[in-house]
């Protein structure tokens, strides 16, 4: 067995396929005789020295892990600040890594997680500790720079498009005597990728969603209400998909929840769908229903995209390969080779090009009226939701998901008092 262990940690909001990435990491490491330790609840588990020995899990359990949503080892929203501000925490992290002979650190998350992995690699180098840090991409927001798409996004996009298409059939059936406007709120703070993917639900101008509201275009309430009225008068009903992060012309979030922020320092947004529904009811008098799918859109493994599932495993395997090749401060990203047929490959990118960068939708993806997507956007989104990821069902009619044993590794250091 090669000397040293590999530490894997999950960060931020989980997805329908982040465990597929974990399975890719563990499977590839096992094939190369490397033990994988997992941090319980992300980077906090590493700081607390709460580590899990994945070698105690059977091959069958790891195979089932690839079909299970959520985060099997626990995740967290905890951002390490700069090396100057949080130096003691970074040093504690290195102390834990050294105590458990960790030579490879894989951090599975978004922009902030890429930044943390980069800083850990820099500190390890400064301390002369032989550590290879690899970022592993994950986010349903699809806002990571460099990569063509992000593992987790394709499945969330598929859930969104399917949900909007099905809900539209319901609204159309009831519109004559009941609900005329349905508003669906999608995740997406500064980038509207997920809401935009709902555009796949329809083909023609009268198909749902007739209106998509994105952060990339300033929200104009008068224009929005006029469009709703136009669609109801033309087809009898209207479906709206709104990104949670839509902003007005002054850059203020439409659903600003009193200025509160989450643990990453991001604005804590309230319900934009409820706000829009109130405006439609008050100004136009239509009966409105709205929904906030929230965790459902990122945990719906039963609707996972096969493309997304395969890419999630591929970045996990590539991360291990890069680490064992001696690469450092890099992240495996997805490069699109062609649209039709859709082909892709995994390539390494420097972490500093991903850390704390945010990718928004290009203007060419947005219709001139600001209420929908272009054919170019459709060509981008379409292959990402293709195929159905494998999923076993039990005799009870429900998906068979696995719960790992998560056997703890004995601690070697004093308790962390951070």
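Glycine is no exception: its Cβ is also placed from the backbone N, Cα and C atoms.
Around the Cβ of residue 141 (active site, proton acceptor), 27 further Cβ atoms fall within 10 Å across all displayed protein chains. Positions annotated as active site, proton acceptor by Swiss-Prot: 141.
The C-beta environment of residue 13 (diphosphate binding site), restricted to residues of the same chain at least 6 apart in sequence and closer than 8 Å, consists of 75, 77, 139, 140, 298. Here Swiss-Prot flags 13 as diphosphate binding site.
Residues or ranges marked as Mg(2+) binding site in Swiss-Prot (evidence: sequence analysis): 111. Mapped onto three states, the DSSP output places residue 111 (Mg(2+) binding site) in helix. Counting every protein chain shown, the number of other Cβ atoms lying within 10 Å of the Cβ of residue 111 (Mg(2+) binding site) is 21.
The substrate binding site annotation in Swiss-Prot covers 139, 140, 141, 187, 188, 189, 244, 295, 296, 297, 298.
As annotated by Swiss-Prot, site 'Important for catalytic activity and substrate specificity' applies to 112, with the evidence given as sequence analysis.
Listed in sequence order, 10, 11, 12, 15, 18, 21, 108, 109, 110, 113, 150, 151, 152, 312 are the same-chain residues at least 6 apart in sequence whose CB falls under 8 Å from the CB of residue 138 (site 'Important for catalytic activity'). The site 'Important for catalytic activity' annotation in Swiss-Prot covers 138.
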> Three states by DSSP: which one describes residue 298 (substrate binding site)?
Replying inline: helix
>> Quick check for the class: what is the C-alpha distance, in angstrom and rounded, between residue 111 (Mg(2+) binding site) and residue 244 (substrate binding site)?
In response: 19
> Can you tell me how far the Cα of residue 112 (site 'Important for catalytic activity and substrate specificity') sits from the Cα of residue 141 (active site, proton acceptor), in Å?
Replying inline: 13
